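Single-structure report; data block below.
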Amino acid sequence: MTIAMVDGEGVSFRQRAGRWWPVVVLAPSLLASFVYVVVFTLWTLYISLSNSGLLPSYGFVGLENYASLWANRRWNIAYNNLFFFSAFYILGSMAVGLLLAILIDQRVKGEALWRTIFLYPLAVSFIVTGTVWSWLYNPADGVQMLVRSLGWESFSFALASDRNTAIYAVIITGIWQSSGFAMALFLAGLRSVDPDLVKAAQIDGASAFRTYRKVILPTIAPIFLAVAVVQIQFAIKTFDLVAALTRGGPGVSTTFPAIYVYDLMFQRGQIGEGAAAAMMMLAALAVVLVPYSFFVVWRRRRESRHG
Amino acid sequence: MADLSLARVADPEAAAAGRRFLAGRIAIYGILGVFALIYLAPLVVVVLNSFREQPEIARNGLINLPRSFTLEAWSSAWGSYCIGGTCEGMKRNFLNSLAMTIPATIISTLLGALNGYVLSKWRFRGSEALFTLMLLGVFMPGQIALMPWAFVLGKLGLTNSTYGLVLVHVIQGISFTTLFCRNYYVSIPDDLIKAARIDGAGFWRIFRKIVLPLSPPILIVTVIWQFTGIWNEYLFGVVFTSGREQPITAALVALTAGGTTARTYDVMSAAVLIGALPPLLVYFFGGKYFVRGLTQGAIK
């Protein structure tokens with residue numbers, strides 16, 4: 001609820017000045033956010049419609065950059081990869097995170113230790129994770145070499161070096177990095193479920209599995225959404241992970257829009273087309289972002305109506 | 001859930017339940033153990049390799065128990081290893097990252113706390129819409145902002161400078177910090193604020209005396225989130241800086257990409273750990289509060 005401003009005659013100077021503080025405090029951040037969100041987006045949109053090459057220029061060329069972008073096979077692969085990766089990465093992280101959270105919720109011993117183990121990858125960068133996993137995937141030095149040296153000579157583990165499977169290497173590494181985060185959120189959700197509700201289900205004779213499926217998981221449904229939204233944040237960052245893990249290869253098999261934008265803008269001097277690619281990334285995001293922000297606004301309204 | 005251990009009475013049904021319980025326990029710890037192994041293995045491999053001698057790694061393999069011990073890799077990675085022509089190790093980039101991350105974290109957290117305070121306790125007409133606008137910043141992919149930032153940083157004379165990255169990260173971070181703090185402050189009872197106002201306390205006094213003392217849980221979350229996020233960021237670092245001015249993430253990629261020569265896993269392992277250590281330390285000391293606070297603030 002908004003606090004009613006104290007109105008009336010005997011308002012001191014301090015109080016009147018105080019009325020402006022909220023606006024004064026908020027203004028710089030607002031201005032910065034406005035420039036960052038609105039101006040920068042429109043700016044990039046404009047560049048994407050211009051004939052910018054090595055340097056930005058402002059000759060209007062309409063949708064030419066978009067046409068040449070979509071005519072490019074590599075871009076199409078990159079765009080497909082983004083959706084393929086995001087879907088498996090988000091579902092994978094959630095599945096692993098939920099499994100770990102439920103297991104830890106069974107009053108296991110040493111809970112803090114388990115949690116720390118599963119959560120620490122979140123603290124390190126995709127660069128660090130990608131680098132180290134690229135060594136493990138490397139057939140000459142990594143897991144394959146280890147197993148072969150133990151005597152299984154025909155063992156093959158070369159996910160990241162095969163163009164058909166490299167994307168799975170990226171997905172697995174991504175899940176490793178962020179499933180702990182999902183676990184932490186799910187665990188907190190499980191802990192917030194009303195114990196009476198659970199007890200009632202057990203008295204009714206529901207099995208543990210049924211209790212989870214019918215009682216506990218539905219009550220923490222909002223957490224699923226929260227986890228998904230945060231994971232999409234990470235999915236957008238595929239630039240870091242891929243840059244360190246596979247550098248888009250082998251061939252173009254793990255190219256992502258983020259990598260492609262960077263290449264166009266800073267390696268190949270095609271700024272206009274790079275901006276078009278960046279706008280397409282935003283479009284992909286908007287598919288998720290627009291419904292979600294409507295949902296947030298709707299929920300906030302309801303929240304404030306109920307005090 | 002499963003431990004309805006009423007197995008004190010010695011009847012067959014209870015015994016069966018006890019056996020089921022035991023089997024369940026074994027399964028739980030078994031699965032957790034397997035996952036723990038997968039989660040820890042990469043860290044263990046890197047730590048061990050950073051203390052091994054490169055010839056021994058080459059001979060016995062990357063994933064193997066160490067049969068040599070040296071601190072050579074660490075000192076080389078820190079101060080003398082060659083990355084793209086300059087042989088100064090990671091030291092300079094490490095300090096760049098510190099000089100970038102610490103101010104950006106502090107500034108964006110302070111701004112977030114103030115914004116969150118206004119947007120939760122001093123709402124005005126249209127403030128919700130403004131909050132939504134700021135929220136959009138959370139979702140902005142960095143790629144959209146690359147060209148505009150390059151132009152702005154150029155105009156400000158902050159190209160290839162740590163200060164430029166501080167600016168970028170502060171502005172990008174405001175949306176996160178505001179979101180966290182706003183969602184947390186909403187749960188401070190309005191009556192508390194109202195009472196203070198009746199007592200004549202103004203905007204700043206209420207912030208200092210009531211809101212700030214209640215803030216540590218969310219400030220810890222925000223600081224950890226910002227510190228790890230900014231330290232680990234790569235895209236802006238690699239685009240807006242080069243060579244000696246690069247933050248450590250960009251330097252790490254430059255180092256490990258180092259082309260044709262045989263891979264020096266010892267030095268690379270030490271370098272990776274140098275790059276991972278600060279956020280890991282922050283996490284180990286604050287992780288407990290992070291999870292607790294995150295669920296109070298971020299997830300609403």
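Each Cβ is built from the backbone N, Cα and C atoms, and glycine gets one as well.
TrEMBL labels come from automatic prediction, so no person has curated them.
These features come from TrEMBL:
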- B:94-286: domain 'ABC transmembrane type-1' (DOMAIN)
- B:26-48: transmembrane segment (TRANSMEM)
- B:98-118: transmembrane segment (TRANSMEM)
- B:130-151: transmembrane segment (TRANSMEM)
- B:163-185: transmembrane segment (TRANSMEM)
- B:206-227: transmembrane segment (TRANSMEM)
- B:267-286: transmembrane segment (TRANSMEM)
Feature contact check the transmembrane segment (B:267-286) with the transmembrane segment (B:26-48), CB under 8 Å, 3 or more pairs: yes
Beyond the flanks of the transmembrane segment (B:267-286) by at least 6 residues, Cβ under 8 Å: 46-47, 49-50, 54, 73-74, 76-78, 81, 89-90, 94, 97-98, 101, 220, 223-224, 227-228, 231-232, 248-249, 251-252, 255-256
Sequence-remote partners of the transmembrane segment (B:206-227) [C-beta within less than 8 Å, at least six residues beyond its ends]: 101-102, 104-105, 108-109, 112-114, 117, 121, 169, 173, 176-177, 180-181, 184-185, 188, 192-193, 196-197, 278-279, 282-283, 286-287, 289-290, 292-294, 296-298
